[in-house]
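Notes to accompany the following structure.
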Amino acid sequence: MVSGRFYLSCLLLGSLGSMCILFTIYWMQYWRGGFAWNGSIYMFNWHPVLMVAGMVVFYGGASLVYRLPQSWVGPKLPWKLLHAALHLMAFVLTVVGLVAVFTFHNHGRTANLYSLHSWLGITTVFLFACQWFLGFAVFLLPWASMWLRSLLKPIHVFFGAAILSLSIASVISGINEKLFFSLKNTTRPYHSLPSEAVFANSTGMLVVAFGLLVLYILLASSWKRPEPGILTDRQPLLHDGE
């Protein structure tokens, strides 16, 4: 039986995820001038919002689908589809976030992919894309044998947690980079901790807290989905009745 601590953790996780997105929106709206889709700096402001929403919050939530007790009984297929759909939604938000930053850079003739933040971020997105397509092909389509799925499942689980960790690192480095670029004049330098810096740093801490809670729920052995019985060697997952 799953204890009330699990549901309390889920409630806390939902609150933290909502705060991560809302804090990022407020930062971009209040201190950075709001949003647009015209190649200006206001178009860039979509980038942090969409990356936090996609690569952290939606991705983290999608990773926990199989921790829900409701997914432990009855057909497994609906939960597989939900898991894949939430990750796909996270990926779409991420791609739109990348379009926003690349369009802004190209419009202002700023170099792309030169900073450590950008290298880390684009690597994370590449791994996410590989993870999603591999998971879809192996764990959802009916062609893969049980042997192949058993071989790849630990790798899939490892990269799921690794990608979330890399996403958090990308967000934190991105917040820092944005503050260094924006708060560099003599009236409000970053090192003097103006209100924007305090708020943005707090947003980063919320992202870290969200990520750590996701990892805690993922790693808690008592909250993992019980292993099903032995399946036939080539039972297609699109037709399973687990």
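In case you wondered, yes, glycine gets a Cβ from its N, Cα and C as well.
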Selected residue, Swiss-Prot feature N-linked glycosylation site, from candidates Asn38, Asn185:
Asn38
Both Ser3 and Pro189 on the same side of the membrane in Swiss-Prot, yes or no?
no
Pick out which of the binding-site residues His47, Lys76, Arg149, His156 has the most other Cβ atoms within 10 Å of its own Cβ.
His47
I'm checking region-level scores; what's the whole-number mean pLDDT for the topological domain 'Cytoplasmic' (67-83)?
90
Rounded to a whole number, how many Å is the Cα of His156 (heme b 2 binding site) away from the Cα of Arg149 (L-ascorbate binding site)?
10
